[in-house]
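Working notes for the structure below.
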Amino acid sequence: MVLSRRFAQVSSDEEDDVPITRSKGRNSASPEESLGKRRKRKTVKLYEDFEEKEADRKKKRKGNKEDEDMAEGDDDQAEEETNPEAEEEEDEEEEEKPDDACPVGDSVNVTGKGKGKRTHFNQFAYDGNTYDLEVPVLLVPEDKSQKPYVAIIKDITQTKDGSMMILGQWFYRPEEAEKRGGGNWQSSDTRELFYSFHRDEVPAESVMHRCVVYFVPAHKQLPKRKNNPGFIVRKVYDTVEKKLWKLTDKDYEDSKQREIDVLVKKTMNVLGDLPDLESEDMLVDQENVLKAKRSFRKVNISPVDVRREEDASLKAETPGSGAGISSEHYAILEKFDSLTGDAHRDKCLGKLLEAVQHICYIPENKQAGDEAKVGSDASHLEQDEKDTKPENGKDEKFLWPDAAVPQVCALENASHASLASDFQKYNQKMRTLVFNLKNTALLARRLLNGELEPATILNMSPTELKEGLTADETTKKEPDDADRMQMTSVRCSRCSQLTVGLRDIIQAGHGDRYQLECVDCGYSWYASRDEVSTLTIVTDKPAQGTEKEDIEKNLTSPRETNKPKDEALKTNDSNADNNPEASKKPE
């Protein structure tokens, strides 16, 4: 375009005329020559300009290429510099947080006030999923290098500012469960988690997704991983004591035990009846349970068989007698065909016979060769008879050994029937009976005469055995309150009965105070010394048909015990004059 525009300008007539007139003044050459030279110069100049332009264009093209190359390099470098930002933007776009968690359904409860107000729900929605209570879920860990946390949703709440929170009951992975002495608890299965009663509150947005957790008892086989994928729980982790317990242990608190039972039942409903472990596995498991429980449960020591020690130390006095039984008592039991065949039971029978022998009557004409002869300590037994024999002489009806053997055998049979399964309790009961029958003559007499049945004696407390009386009999023998109190002639202000007695005399302050109590209605009140200075003490009940005798008795204060008798009587008379109502007799 430039080139064509220049040729057009040179070929115009106006351009030709102007340079001619100017050249005439400077050159003397002819117009034709000058015109030819000028055209030639212009042509050369135009070609030179054209070549320069072409060269400039080539240079510009080269420069443009270099600039483009440099620009491309700069662009690449700029792209390299801007790539991290672009990647971060892309990551941010990929990690764009979903909508906040929101409750589902109506609220079920509201707790707290003010800033601490919480609204409770049964469900919440987050990231397109709905989560309910009692559902195990995976939670985002604090550190990305950690595995997701596992918890059961126990509560769903919404704070006053609208934030959703969940209360989770946590599971512990074996590498997270610390031991008290250091280190972590180990597991033989990578699926295993440890259940705990530790709870904590976290934002609802930390929930990743649901998961499956199976609670398998210790005596059941684990479900196959292929058929039932998910976590398994066989033990409970104590976050305080840093110990592990079995799911099947029954030492938890009632509420915690019910919680575990419900979780195990849910698992059994899903998996069905799992097969039991083999016997070897069960033995190993029981050993582990015993080792773990030694630290917190009282060790149950098996009862010691005392028979071995006692039977070994005691020798039979005769070749045919039982171990630990004297020849006399063995012969008596053999005569009455009362031997049981059990050495220990026969020994207990012999001791019971010996315990009641001191109240039995042994005829004087008994010969040394009789089966029921008295042993070497006969003189001692006779002395005991004299000491314990009652005044009415009823001991003579307890002939030895006829009156003793049937009752003693019945008592031992009743003890063995009720305590045969527990040798320790049976042995203790026999020792208690032998001791009390020896030291309480009333108990022995009531056993032999049939007043107390063997079953009744077995159920008597140590105090009752010592007294020889049951609780009902002891209550009947206790005197009434009226028998223990001094009855007065004062009339009760509540029931208007003349059954008021003096319960107590209280010494306090300036004078004595007397506590009066009505036997009929139980009403109690206090009276001053002046009011009760002269009281009527009711004597023993008279015979039927005779009038009651009233005796006036002057009650003196404990402070006046040291005063002369005349002075004390004078004081009481003056008090009676001042208070005539107190000295009145009932009509």
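All residue numbers here begin at 1 and follow the chain in the order shown.
Cβ atoms here come from the backbone N, Cα and C positions, even for glycine.
Going by Swiss-Prot, these are the annotated features:
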type: COMPBIAS; residues: 66-98; note: compositional bias 'Acidic residues'
type: COMPBIAS; residues: 560-570; note: compositional bias 'Basic and acidic residues'
type: COMPBIAS; residues: 571-581; note: compositional bias 'Polar residues'
type: DOMAIN; residues: 129-248; note: domain 'BAH'
type: DOMAIN; residues: 344-493; note: domain 'TFIIS central'
type: REGION; residues: 1-118; note: region 'Disordered'
type: REGION; residues: 371-396; note: region 'Disordered'
type: REGION; residues: 539-587; note: region 'Disordered'
type: SITE; residues: VAL140; note: site 'Histone H3 lysine 27 trimethylation (H3K27me3) binding'
type: SITE; residues: GLU142; note: site 'Histone H3 lysine 27 trimethylation (H3K27me3) binding'
type: SITE; residues: TYR149; note: site 'Histone H3 lysine 27 trimethylation (H3K27me3) binding'
type: SITE; residues: TRP170; note: site 'Histone H3 lysine 27 trimethylation (H3K27me3) binding'
type: SITE; residues: TYR172; note: site 'Histone H3 lysine 27 trimethylation (H3K27me3) binding'
type: SITE; residues: HIS198; note: site 'Histone H3 lysine 27 trimethylation (H3K27me3) binding'
type: SITE; residues: ASP200; note: site 'Histone H3 lysine 27 trimethylation (H3K27me3) binding'
type: SITE; residues: VAL240; note: site 'Histone H3 lysine 27 trimethylation (H3K27me3) binding'
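Of the candidate recorded sites, TYR172, HIS198, VAL240, the one lying closest to VAL140 (site 'Histone H3 lysine 27 trimethylation (H3K27me3) binding') when CA atoms are compared is TYR172.
Here the C-alpha separation of VAL240 (site 'Histone H3 lysine 27 trimethylation (H3K27me3) binding') and HIS198 (site 'Histone H3 lysine 27 trimethylation (H3K27me3) binding') works out to 10 Å. When the CA atoms are compared, no recorded sites among the candidates GLU142, TYR149, TYR172 lie within 10 A of ASP200 (site 'Histone H3 lysine 27 trimethylation (H3K27me3) binding'). Comparing CA positions across the recorded sites TYR149, TRP170, TYR172, the one lying closest to HIS198 (site 'Histone H3 lysine 27 trimethylation (H3K27me3) binding') turns out to be TRP170. Residue with the densest Cβ environment among the recorded sites VAL140, VAL240: VAL140, by other Cβ atoms within 10 Å. Mapped onto three states, the DSSP output places HIS198 (site 'Histone H3 lysine 27 trimethylation (H3K27me3) binding') in strand. Counting in whole angstrom, TYR172 (site 'Histone H3 lysine 27 trimethylation (H3K27me3) binding') lies 15 from GLU142 (site 'Histone H3 lysine 27 trimethylation (H3K27me3) binding') by their C-alpha atoms.
Within 10 Å of the C-beta of ASP200 (site 'Histone H3 lysine 27 trimethylation (H3K27me3) binding') we count 11 further C-beta atoms, all protein chains included. Distance noted between the C-alpha atoms of TYR149 (site 'Histone H3 lysine 27 trimethylation (H3K27me3) binding') and GLU142 (site 'Histone H3 lysine 27 trimethylation (H3K27me3) binding') is 9 Å. Put simply, GLU142 (site 'Histone H3 lysine 27 trimethylation (H3K27me3) binding') is 14 Å from TRP170 (site 'Histone H3 lysine 27 trimethylation (H3K27me3) binding') when counted between their Cα atoms. Sequence-distant contacts of GLU142 (site 'Histone H3 lysine 27 trimethylation (H3K27me3) binding'), defined as residues of its own chain at least six apart whose C-beta falls under 8 angstroms from its C-beta, are absent.
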